[in-house]
Amino acid sequence: DVVETQDHYKSRWRSIWIMYLTMFLSSVGFSIVIMSVWPYLQKIDPTADASFLGWIIASYSIGQMVASPLFGLWSNYRPRREPLVVSTAISVAANCLYAYVHIPHSHKKYYMLTARALVGFGAGNVAVVRSYIAGATSLTERTSAMANTSACQAIGFILGPVFQTCFTLIGEEGITWKLIRLQLNMYTAPVLFGALLGVINIILIFAIFREHQVDDLGRPFKSINFEGEESAVLDRDAEGTIDHVAVVAINVLFFVILFVFAVFETIATPLTMDMYSWTRKEAVFYNGIILSAVGVESVIVFMVVKTLAKKTGERAILHGGLLIVLVGFFILLPWGKTLPNIQWQEIKNNSIPRTVSTEMLMPFWGLQEMRPPSNHTVEPVGCPVSQSWCLNTPMIYLAQYISSDILIGLGYPVCNVMSYTLYSKILGPKPQGVYMGWLTASGSGARILGPVFVSQIYTHLGPRWAFSLICAIVVVSLLLLEIVYKRLIAFSVRYGRMQE
């Protein structure tokens, strides 16, 4: 048997920590602008509507879906440093492009679409990160390492909106650096900060990251990324075929998990603006606080689930996570008799809409009714009359919205980490780059369809239809999990080399 030395162990875990950082930065790249995309899009290109917002959000995932299998394949045959550095550099360049979308005279929304697609293409390195961690950990280390990876991803989702919330203090106008035509404001400062973090990540990959690989028992062997041939340890333990039914099932379940979470992310800003008459700035600020709190909850869940999985197993925890997500969306269904405030700017009416000065900072505690000073731009708020369902669909109370946030913030991280953990164990000692690329692409496909689905259904049919359909999708996924439950076991367990 090959015994791991202390130096090898330390180097292996230093490299894993660099992968944690890369995962963190990838999620920051997505979440740091998620709450401000809609108001920024409205500002730079008034021709863009809520449906186009869905495509803007989805473009990130389109890029990631295309890139993930490619980077995964690359990482199977070459040093992983190559796809990691290239992908991060693409994200840095794309963030810089996003900061300059205000310059073109027309079609600015398409430049924003391109920038977000390229950021997503760079985020295809998630497949490389997951495959490296799966290959660099033993079976007993795997659940904890995958939970830590997802926790770093969740922390990125937490701090992204926090950064965005802090940058709102700069304001919508901000500062203009005329020499390089750069506008530094609440919309561009976050992406420039993300670009800086990407440069730091590239430096750390060159300085610290090293290739390591161990088998399910933790015995090290030379990686194919260096030698082109695997050692006898890998050849012996890799005998057998992967259960492709289990692989496909996890891909489908992961698609559903990411789909419902993408719906949750995308709808937050439009829903709160429609239901609670929040302005653009208020929606960004308050949702940033709410999602940051949900993110903290998710990190706690990741830490707890590592211990819980040792007692109950990953499959049972995945089942419970899906049930919690189902309850979270069921609570979000509209009920009661109170209708949301209607935005009447499209028709003549004697009622006066609530308007606020977009140049004023909103108060931290509660919302104020304000009459704008003369010569200030006013912003009509409320549920737009162009959405016909606003006239007959009861509002979703704030308590419902907060309760749903809490439950989804509990169920989603459980499902996320258990999916990755089960998937990596099912694949076992086989090279996982391409397989992880397909799993990431599956999640990216969900992030594409989720925003488009909810922006279309929500805009035309309203929240009752949108959230009812989500509940039905989760129920179907629970039935699938029941069907394949006994097949979701580790490769080594399946072939009798280890006990479950």
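Quick reminder: no glycine exception, Cβ is built from N, Cα and C everywhere.
Automated prediction, rather than curation, is the source of TrEMBL annotations.
These come from TrEMBL:
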type: DOMAIN; residues: 15-489; note: domain 'Major facilitator superfamily (MFS) profile'
type: TRANSMEM; residues: 17-40; note: transmembrane segment
type: TRANSMEM; residues: 52-72; note: transmembrane segment
type: TRANSMEM; residues: 84-101; note: transmembrane segment
type: TRANSMEM; residues: 113-133; note: transmembrane segment
type: TRANSMEM; residues: 154-171; note: transmembrane segment
type: TRANSMEM; residues: 191-209; note: transmembrane segment
type: TRANSMEM; residues: 245-264; note: transmembrane segment
type: TRANSMEM; residues: 284-305; note: transmembrane segment
type: TRANSMEM; residues: 317-336; note: transmembrane segment
type: TRANSMEM; residues: 401-423; note: transmembrane segment
type: TRANSMEM; residues: 435-459; note: transmembrane segment
type: TRANSMEM; residues: 465-485; note: transmembrane segment
Within the same chain, where does the transmembrane segment (284-305) have neighbours whose Cβ lies under 8 angstroms from its own Cβ atoms, ignoring anything closer than 6 residues to its ends? I mean 6 or more beyond.
31, 35-36, 39, 147-148, 150-151, 154-155, 157-159, 161-162, 164-165, 168, 186, 265, 268-269, 272, 278, 317, 362, 402, 405-406, 408-410, 412-414, 417-418
Answer with yes or no whether the transmembrane segment (317-336) touches the transmembrane segment (465-485) by the criterion of at least three Cβ pairs under 8 A, sequence separation 6 or more.
yes
I need to check the long-range neighbours of the transmembrane segment (154-171): which residues 6 or more away from its ends have a CB within less than 8 Å of a CB in the stretch?
23-28, 30-36, 184-186, 189-190, 193, 281, 284-285, 287-289, 291-292, 295-296, 298-299, 302, 359, 361, 413
Where does the mean pLDDT land for the domain 'Major facilitator superfamily (MFS) profile' (15-489)?
80
Give residue numbers and ranges for long-range contacts of the transmembrane segment (317-336): same chain, 6 or more residues beyond its ends, CB-CB under 8 A.
253, 257, 260, 305, 308-309, 393-397, 400-401, 403-404, 406-408, 410-415, 418-419, 422, 462-464, 467-468, 470-471, 474-475, 477-478, 481, 485
In terms of Cβ proximity under 8 Å, which residues at least six beyond the ends of the transmembrane segment (84-101) contact it?
22, 25-26, 29, 33, 44, 67, 71, 108, 111-112, 114-119, 121-125, 128-129, 181-183, 188, 191-192, 194-195, 198-199, 201-202, 205-206, 209
Same-chain residues at least 6 beyond the ends of the transmembrane segment (245-264) whose Cβ lies under 8 Å from its Cβ atoms:
57, 61, 318, 322, 325, 329, 408, 412, 415-416, 419, 422-423, 426-427, 435, 438-439, 442-447, 449-451, 453-454, 466, 470, 473-474, 476-477, 480-481, 483-484, 487-489
Any residues 6+ beyond the ends of the transmembrane segment (113-133) with a Cβ under 8 Å from its own?
15-16, 19, 22-23, 26, 29-30, 37, 55-57, 59-72, 74-76, 80, 83-84, 87-95, 97-98, 101, 145-146, 149, 420, 424, 431-433, 435-437, 439-441, 444
